[in-house]
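First comes the structure, then the notes that go with it.
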(Lines of atoms letter the chains of each structure in order from A and count residues from 1; the text may use other names and numbers.)
(Lines give C-alpha, C1' and ligand atoms only; values in the text may rest on other atoms or scores of the structure.)
Protein backbone atom coordinates (compact mmCIF):
# COMPACT_ATOMS: atom_id res chain seq x y z
CA UNK A 1 0.00 0.00 0.00
CA UNK A 2 1.47 3.35 -1.06
CA UNK A 3 0.52 6.72 0.42
CA UNK A 4 1.70 10.08 -0.87
CA UNK A 5 3.27 12.38 1.73
CA UNK A 6 1.49 15.65 2.35
CA UNK A 7 3.71 17.86 0.22
CA UNK A 8 2.87 20.92 2.26
CA UNK A 9 2.97 19.21 5.68
CA UNK A 10 3.73 16.10 5.76
CA UNK A 11 21.15 0.11 2.80
CA UNK A 12 20.80 -2.86 2.92
CA UNK A 13 23.57 -4.91 4.58
CA UNK A 14 23.24 -7.64 7.22
CA UNK A 15 22.75 -6.48 10.78
CA UNK A 16 25.63 -7.67 12.94
CA UNK A 17 24.77 -8.94 16.46
CA UNK A 18 26.36 -6.99 19.28
CA UNK A 19 29.43 -8.32 21.06
CA UNK A 20 29.64 -7.34 24.73
CA UNK A 21 28.76 -3.65 25.10
CA UNK A 22 29.86 -2.47 21.67
CA UNK A 23 27.49 -0.84 19.19
CA UNK A 24 26.74 -1.14 15.50
CA UNK A 25 27.58 1.66 13.09
CA UNK A 26 24.11 2.05 11.52
CA UNK A 27 25.56 3.27 8.23
CA UNK A 28 28.28 0.69 7.60
CA UNK A 29 27.14 -2.04 10.06
CA UNK A 30 30.62 -2.19 11.60
CA UNK A 31 31.18 -2.91 15.30
CA UNK A 32 32.69 0.21 16.83
CA UNK A 33 33.45 1.65 20.25
CA UNK A 34 31.39 4.29 21.99
CA UNK A 35 32.48 7.82 21.10
CA UNK A 36 32.11 11.27 22.55
CA UNK A 37 29.09 13.47 21.98
CA UNK A 38 29.42 15.74 18.97
CA UNK A 39 27.97 19.16 18.23
CA UNK A 40 28.22 21.59 15.34
CA UNK A 41 27.91 25.36 15.12
CA UNK A 42 28.81 25.60 11.44
CA UNK A 43 28.29 28.90 9.59
CA UNK A 44 24.79 29.09 8.10
CA UNK A 45 22.99 31.32 5.65
CA UNK A 46 20.49 33.76 7.17
CA UNK A 47 17.44 31.63 6.37
CA UNK A 48 18.96 28.42 7.72
CA UNK A 49 20.01 30.23 10.89
CA UNK A 50 16.47 31.57 11.36
CA UNK A 51 15.00 28.12 10.70
CA UNK A 52 17.29 26.60 13.32
CA UNK A 53 16.43 29.31 15.84
CA UNK A 54 12.68 28.81 15.36
CA UNK A 55 13.10 25.08 15.90
CA UNK A 56 15.09 25.70 19.08
CA UNK A 57 12.47 28.13 20.40
CA UNK A 58 9.73 25.59 19.71
CA UNK A 59 11.51 22.75 21.51
CA UNK A 60 12.50 24.92 24.47
CA UNK A 61 8.91 26.04 24.90
CA UNK A 62 7.64 22.48 24.61
CA UNK A 63 9.97 21.23 27.36
CA UNK A 64 9.95 17.74 25.90
CA UNK A 65 7.39 16.38 23.46
CA UNK A 66 5.92 18.96 21.10
CA UNK A 67 2.90 18.86 18.82
CA UNK A 68 4.28 17.44 15.55
CA UNK A 69 2.13 19.88 13.59
CA UNK A 70 3.89 22.87 15.19
CA UNK A 71 7.24 21.75 13.80
CA UNK A 72 5.67 20.89 10.44
CA UNK A 73 4.44 24.48 10.29
CA UNK A 74 8.00 25.71 10.77
CA UNK A 75 9.19 23.37 8.00
CA UNK A 76 6.41 24.66 5.71
CA UNK A 77 7.29 28.28 6.46
CA UNK A 78 10.77 27.70 5.04
CA UNK A 79 9.83 25.61 1.98
CA UNK A 80 10.38 28.63 -0.27
CA UNK A 81 13.20 30.10 1.82
CA UNK A 82 15.57 27.14 2.06
CA UNK A 83 16.50 24.95 -0.89
CA UNK A 84 19.30 22.50 -1.59
CA UNK A 85 21.76 25.27 -2.46
CA UNK A 86 21.47 26.56 1.11
CA UNK A 87 22.69 23.16 2.32
CA UNK A 88 25.56 22.96 -0.17
CA UNK A 89 28.28 23.04 2.48
CA UNK A 90 26.76 19.98 4.16
CA UNK A 91 25.86 17.86 1.11
CA UNK A 92 28.58 15.24 1.32
CA UNK A 93 28.07 11.74 -0.06
CA UNK A 94 30.24 8.69 0.59
CA UNK A 95 30.11 6.62 -2.60
CA UNK A 96 31.04 3.44 -0.69
CA UNK A 97 28.18 3.63 1.79
CA UNK A 98 24.44 3.23 1.54
CA UNK A 99 23.90 6.74 2.87
CA UNK A 100 25.86 9.59 4.46
CA UNK A 101 24.95 11.41 7.68
CA UNK A 102 25.99 15.08 7.73
CA UNK A 103 25.48 17.02 10.97
CA UNK A 104 24.48 20.68 10.55
CA UNK A 105 23.58 21.57 14.13
CA UNK A 106 23.16 19.85 17.47
CA UNK A 107 22.29 20.98 20.99
CA UNK A 108 20.48 19.31 23.92
CA UNK A 109 17.08 20.08 22.36
CA UNK A 110 17.47 18.82 18.79
CA UNK A 111 19.80 17.98 15.94
CA UNK A 112 19.58 18.98 12.28
CA UNK A 113 21.09 16.56 9.80
CA UNK A 114 21.40 16.23 6.00
CA UNK A 115 21.31 12.66 4.69
CA UNK A 116 22.57 11.83 1.20
CA UNK A 117 21.20 8.51 -0.07
CA UNK A 118 23.10 6.59 -2.72
CA UNK A 119 21.01 5.25 -5.63
CA UNK A 120 18.58 2.45 -4.73
CA UNK A 121 19.98 2.15 -1.18
CA UNK A 122 18.17 2.15 2.16
CA UNK A 123 18.71 2.40 5.90
CA UNK A 124 18.28 -0.34 8.45
CA UNK A 125 14.86 -0.72 10.04
CA UNK A 126 15.19 1.35 13.20
CA UNK A 127 13.40 3.08 16.05
CA UNK A 128 14.02 6.65 17.25
CA UNK A 129 14.90 6.02 20.91
CA UNK A 130 11.90 7.98 22.18
CA UNK A 131 12.71 11.04 20.06
CA UNK A 132 10.50 12.81 17.55
CA UNK A 133 11.65 12.89 13.93
CA UNK A 134 10.68 15.23 11.08
CA UNK A 135 12.16 15.21 7.62
CA UNK A 136 11.88 17.01 4.32
CA UNK A 137 12.90 15.59 0.95
CA UNK A 138 15.31 18.07 -0.65
CA UNK A 139 16.26 16.17 -3.81
CA UNK A 140 15.09 13.04 -5.63
CA UNK A 141 12.53 10.74 -4.04
CA UNK A 142 12.53 8.46 -1.00
CA UNK A 143 10.10 5.88 0.32
CA UNK A 144 9.38 5.38 4.01
CA UNK A 145 8.45 1.82 5.02
CA UNK A 146 6.92 1.34 8.49
CA UNK A 147 6.59 -1.70 10.71
CA UNK A 148 4.77 -2.07 14.02
CA UNK A 149 6.43 -3.62 17.06
CA UNK A 150 5.06 -6.65 18.92
CA UNK A 151 5.13 -5.65 22.62
CA UNK A 152 4.41 -9.23 23.71
CA UNK A 153 7.32 -10.83 21.86
CA UNK A 154 10.58 -9.18 22.93
CA UNK A 155 9.76 -6.01 21.00
CA UNK A 156 10.34 -7.75 17.66
CA UNK A 157 8.76 -6.71 14.38
CA UNK A 158 5.12 -7.72 14.02
CA UNK A 159 4.85 -8.55 10.31
CA UNK A 160 7.47 -9.70 7.87
CA UNK A 161 6.30 -6.98 5.49
CA UNK A 162 5.90 -3.25 6.21
CA UNK A 163 2.45 -2.18 7.33
CA UNK A 164 2.61 1.17 5.54
CA UNK A 165 4.63 2.78 2.77
CA UNK A 166 4.84 6.49 2.05
CA UNK A 167 6.39 8.19 -0.98
CA UNK A 168 8.19 11.49 -0.38
CA UNK A 169 8.98 13.74 -3.34
CA UNK A 170 10.83 17.06 -3.21
CA UNK A 171 9.39 19.30 -0.45
CA UNK A 172 7.36 16.48 1.09
CA UNK A 173 7.49 16.64 4.89
CA UNK A 174 7.23 13.51 7.03
CA UNK A 175 7.04 12.72 10.75
CA UNK A 176 7.52 9.64 12.91
CA UNK A 177 8.03 8.72 16.54
CA UNK A 178 8.11 5.35 18.26
CA UNK A 179 4.34 5.42 18.83
CA UNK A 180 3.98 5.27 15.04
CA UNK A 181 6.23 2.21 14.75
CA UNK A 182 9.70 1.78 13.31
CA UNK A 183 10.83 2.47 9.76
CA UNK A 184 13.45 2.45 7.08
CA UNK A 185 14.06 5.02 4.35
CA UNK A 186 14.64 3.88 0.75
CA UNK A 187 16.09 5.93 -2.10
CA UNK A 188 13.87 4.95 -5.03
CA UNK A 189 15.94 6.82 -7.63
CA UNK A 190 18.99 5.93 -9.73
CA UNK A 191 20.67 9.08 -8.48
CA UNK A 192 21.50 10.51 -5.07
CA UNK A 193 18.50 11.69 -3.06
CA UNK A 194 18.88 14.18 -0.20
CA UNK A 195 16.74 14.59 2.93
CA UNK A 196 16.85 17.10 5.80
CA UNK A 197 16.10 15.61 9.25
CA UNK A 198 15.29 17.09 12.65
CA UNK A 199 15.53 14.87 15.74
CA UNK A 200 14.22 16.08 19.11
CA UNK A 201 15.99 15.37 21.33
CA UNK A 202 19.17 14.03 19.68
CA UNK A 203 20.02 10.41 20.38
CA UNK A 204 23.20 8.35 20.15
CA UNK A 205 21.78 4.85 19.77
CA UNK A 206 18.51 3.17 18.91
CA UNK A 207 16.95 -0.22 18.29
CA UNK A 208 17.43 -1.67 14.83
CA UNK A 209 15.80 -4.77 13.41
CA UNK A 210 16.50 -7.64 11.08
CA UNK A 211 13.85 -7.69 8.36
CA UNK A 212 14.47 -11.42 7.89
CA UNK A 213 14.07 -12.53 11.52
CA UNK A 214 12.48 -9.53 13.26
CA UNK A 215 15.20 -9.66 15.92
CA UNK A 216 16.19 -6.44 17.62
CA UNK A 217 19.70 -5.02 18.04
CA UNK A 218 21.13 -1.78 19.38
CA UNK A 219 22.58 0.55 16.74
CA UNK A 220 25.07 3.36 17.24
CA UNK A 221 24.27 6.64 15.46
CA UNK A 222 27.27 8.02 13.54
CA UNK A 223 28.13 11.23 11.67
CA UNK A 224 30.24 11.23 8.51
CA UNK A 225 30.70 14.98 8.58
CA UNK A 226 30.22 17.71 11.16
CA UNK A 227 29.59 21.27 10.00
CA UNK A 228 30.65 20.34 6.46
CA UNK A 229 33.97 18.85 7.62
CA UNK A 230 34.62 15.13 7.10
CA UNK A 231 34.90 13.23 10.37
CA UNK A 232 38.13 11.24 10.01
CA UNK A 233 38.10 9.87 13.56
CA UNK A 234 37.12 6.37 12.40
CA UNK A 235 39.36 3.95 10.46
CA UNK A 236 36.99 3.90 7.48
CA UNK A 237 37.56 7.63 6.98
CA UNK A 238 41.35 7.81 7.49
CA UNK A 239 42.12 8.19 3.78
CA UNK A 240 39.55 10.51 2.27
CA UNK A 241 39.90 12.66 -0.81
CA UNK A 242 37.01 15.06 -1.43
CA UNK A 243 36.08 16.52 -4.80
CA UNK A 244 33.25 18.79 -5.90
CA UNK A 245 31.17 17.05 -8.57
CA UNK A 246 28.60 19.79 -9.10
CA UNK A 247 27.46 23.05 -7.57
CA UNK A 248 25.41 21.23 -4.95
CA UNK A 249 26.90 17.79 -4.34
CA UNK A 250 30.31 16.79 -3.01
CA UNK A 251 31.28 13.15 -3.25
CA UNK A 252 33.93 11.55 -1.06
CA UNK A 253 36.18 9.40 -3.19
CA UNK A 254 37.45 6.57 -1.00
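Each Cβ is built from the backbone N, Cα and C atoms, and glycine gets one as well.
All TrEMBL annotations are machine predictions without curation.
Per TrEMBL, region 'Disordered' is recorded for 1-20. The Fe cation binding site annotation in TrEMBL covers 126, 128, 183.
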Request  = Which residue among the binding-site residues 126, 128, 183 has the fewest other Cβ atoms within 10 Å of its Cβ, if you could check?
outcome  = 128
Remark   = For Fe cation, residues beyond 126, 128, 183 with C-beta within 8 angstroms of the site's Cβ centre include exactly 125, 127, 133, 176, 178, 182, 184, 206
